[in-house]
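Below is one structure, written out as structure tokens; comments come after it.
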Amino acid sequence: MLCPFIGQCRSRTRAVYRQTAVYRTVCCSGYTGSRCEAVCSPSCRNGGTCSSPNSCSCQSGWTGSICTLPVCPFGCANGGTCTRPRVCSCRSGWTGATCSQPVCNPSCENGGTCTSPNTCTCQNGWSGDSCNNAVCPSGCANGGTCTRPRVCSCQSGWTGATCSQPVCTPSCENGGTCTSPNTCTCQNGWSGDSCNNDINECAVDNGGCHHTCHNTAGSFECRCNSGYSLASDGRTCNEPPAVPRNIVVSNVGKRTATVSWVPPPNTFPNQLTAVSAYRICASQNQFQEGNRVVTAGQQSRMYEFTNLEEYTAYFFHVAAFNSFGEGASNDPIEATTLEAAPSAAPLAVQAFPNSSYNITILWSPPPEIDRNGVIIYYEIQLTETENGTEFQWTSPELTTTRGSLHPHFHYEFRVAAHTSIGTGPFSAVETVQTLPAAPTAAPTQLRVSNFDSSTIALVWEPPPFTDRNGDIVRYHIRVTEQETQTIFEYSSTSQHYTLTSLHPYYNYVISIAAETVGVGPFTTGLLQPTMESVPSSAPGNFSMAVVNSTSILLSWSELPLPERNGVVQGYTICLTNVRNGRDTDYSAVSGPYSIVNLHPDFTYRAEVAAVTVVGAGPFSSQIEVRLPEAAPSGPPTHFSVDELSPRSITLKWGYPLEEDRNGVISGFRVRFISNNFTDLEVENATITIEEVKPFTLYYAEVAAFTMVGIGPYTVRIRVLTPEDVPSPVSTTMLEAIQGSPTQLTVQWRPPEEPNGELLAYSVCCRESTQQPLCDCDSAISVSSTSCPCGDLEQDTSYHLQAMFPVGLPHVKVIGGFSPYTNYTCFMTANTSAGESSPGIPHSSTTDESTPADEPQDIMVNSLNSTAILIQWSPPHIPNGIILFYTIYINDSITFNIIAAYQNSFMFGWLSPYQLLNVRLSASTKVGEGPLTESQSVTTDESGTDKVYFDFSTIVIIFTSLTNLMPLQVSCMSHKKSMP
């Protein structure tokens, strides 16, 4: 923390000396001169000007803290350096104003472009560092050379754009191809260097021909004998295969037979003449009509026919195939299959019902081809679908009748034929149904449930399946209302029905019957009451009376019995707060009914309804009443501190909630609490309390009141006033410390009014070299407005000497003073709000010390050949009263120490032309100060002149280099002639 009396930058400060004012200008750091101009160190270069401390404003083209950096506006690219304004020094490989133009050496040829140092980007068709190499994209083959873009110079024996096409001399004939220089590759049938010699292919293995080979120029052809044609291979003649050999039919059964054979001979075996497959035929006549034909692979030697017809004659044939077609087949071989059971079912199987209890079934025999023998009888199977009962019997006729069946049941039946070998397959299953009859039993599982007070839901199951005797077309429902003995009849086509428009809370007896072609028996009657409902009217004679400001009494009469629609469980009351529209429901067993804890001064509207277990009936007409006022039931809202200062508190709050006012708010009572209670009444919702103490804890609460009374207080709030600056500190003592010339002892009393939490004490002091016009030590109080000695707060000669933390003891030793100096000091105390006014200043002088520096302005002069004169001024910092000066004089032999009590001394009885060294020091009561630098003087040479001097009383101490005993000589003032 700094003393609050230090002057500001470039301010005009004032020191008061009686009635004269002296002014001086003090510049801030970084400024100098009478006009406080800015200082830049080092100075601005290249024409720049110092615009603020150590900040230069540069000329165009220069920048930097002292304008020594040149500026190139467009920059220096590629590592270039800006050496002068707008001038770049480029690195090797770059040129141009901004070093952005590359240099290529050697230069780019054939239209190439230099794109970076010594790097050329070449035109199409050229390559190389300087674009001097031609490019042939597909290359030059077989030793060719690229001489220009896309142009090859070929070696001998080659030609073409890329030197890849060979040259043959002479050229190749008869379709031959030149595949390398002077080398032909010939077509089939030719030979020789130029492919001009024919080859006779028929000379070797008949040229591979089936019948005859005929040579032609460069080729040959195969020819066939008369009656044959040449195959697609150009060599084979199309001869179909011969008849297979050793054909045998064996293993003949009811529906199977096996045929075997040996392949036919082949006179010209190859792929075309080889047997590729066999065709085997089984027919029921020797002319292969009605064939059953199959194909077998070339490796097959046997085939088994299956699924033949029983007891049937078949003729079998076998023929071979090759690539030229089918060869001749063998003469037919006959075989007959064995007899079997019928292979098909009877035809036209059908049935029809004769009554509810019997049916007739009829059919036709199987097709003749599928009988496979003589039909002896027919087997009939009958299955009752509903329960799986089976019946089986036989009949030699084509019809049969079956009785003792169940009405309206489904029956599945089928018929099969029988020979001496066995029974054939059954016919497809057919279905027949007996005729229906009236049910023989009532519906089952009748269940009832109530949907509401006027509805009963019925659900049932049909009669047992075996008792339905047909399709149920509808159900008959009989309902008896016991209270009135009224019978109601209903019908339904489904297995459920809902009875509606019934009377609430009545008993009903319900029974059901099913109908097919007739109506069956009814179920046993089932008793089911209807549910209760809400009452159908409101209670009568409804009234409402005010009991007090928070309660009312409601009364009504009971409902008539027919309108109750059940057992009245109680009553529901709807009470509406007219002011806020809020509804509240109450339940009462009976009337009258009291409602309490209502809001005073509120208007209420009430209505009542009777209640059964189902719910409430209609409400009565509404009745409205307003309650009288009362004291507020809630405190004011939003109670808080609005403004707060060390000396005043402003509180504010809101009105109680609307529902808590209980009338018109007449005013507010504020309770302010410190050491005692203070009640204040105000009309508005704010109050300012003056003359409070700083840094003091207060409590406050507020309540609203109506004409009837006062309501509850708010929650008490805690208010701590802010801190303020303390009252002045009283300094009781400022004393020097013996033996401690740089310290003083200060003692004080804390502020009478700390006005907050004290943070620290400050001591501000100044040297008392300028005495005030009055004795401030005797002033009763000191402040910026009352101090008769001047305005301390504007006196910049004071400085912060020390700071002390808060705490005991209130006495401290202060250091940092100059010895033997009179100081005036005062004390202040600090809180977070600031610093107190200065306390009463006290003065004291520090103890003496040795002088801080040597005597000043030393002059040593030769007076004549035997005497010198020494003169000086006191030290700048004597640190006490100078008691005497010590003079040290020596030559090459003797050393003299002299004590002097004035500021000059004459030293005589010297030898002519004698060299002396002189040093001095000052002494206080504490001790001797530092010595001056040594000064040399030489006495004059010997002469005849005589000089007379006035001697003052002195004390001379003679000291030899070996004898340290002092000798003191006192001399009276006199005139003496010196030789």
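Glycine is no exception: its Cβ is also placed from the backbone N, Cα and C atoms.
Candidates considered were Cys172, Cys195; the recorded disulfide partner of Cys186 in TrEMBL is Cys195. When TrEMBL is consulted, the disulfide partner of Cys136, picked from Cys131, Cys146, turns out to be Cys146. In TrEMBL, the cysteine linked to Cys82 by a disulfide bond, out of Cys72, Cys90, is Cys72. Same-chain residues lying 6+ beyond the ends of the domain 'EGF-like' (165-196) with a Cβ under 8 Å from its Cβ atoms: 156-159, 217-220. When Cβ-Cβ distances below 8 Å are used as the criterion, the domain 'EGF-like' (198-238) is approached by residues 174, 187-191, 268, 270, 272-273, 323-325 of the same chain, each at least six residues removed from its ends. Among the disulfide-bonded residues Cys72, Cys82, Cys178, Cys186, the ones whose Cα sits within 10 Å of the Cα of Cys90 (disulfide bond) are Cys82.
Inclusion criterion for the disulfide-bonded residues Cys72, Cys146, Cys186, Cys195: a C-alpha placed within 10 angstroms of the C-alpha of Cys154 (disulfide bond); this criterion is met by Cys146. In space, Cys168 is the closest of the disulfide-bonded residues Cys72, Cys82, Cys168 to Cys186 (disulfide bond), judged by Cα positions. Across the range of the domain 'EGF-like' (132-164), the DSSP-based residue counts are 0 helix, 11 strand, 22 coil. Neighbour counts were taken as the number of other C-beta atoms within 10 angstroms of each residue's C-beta; across the disulfide-bonded residues Cys82, Cys90, Cys163, Cys178, Cys186, the minimum falls on Cys178. Distances between the Cα of Cys195 (disulfide bond) and those of the disulfide-bonded residues Cys99, Cys146, Cys163, Cys168 are shortest for Cys168.
Spacing of Cys99 (disulfide bond) relative to Cys136 (disulfide bond) is 36 Å (Cα to Cα, whole number). Each residue contributes its Cα atom, and for Cys82 (disulfide bond) and Cys136 (disulfide bond) these two points are 46 Å apart.
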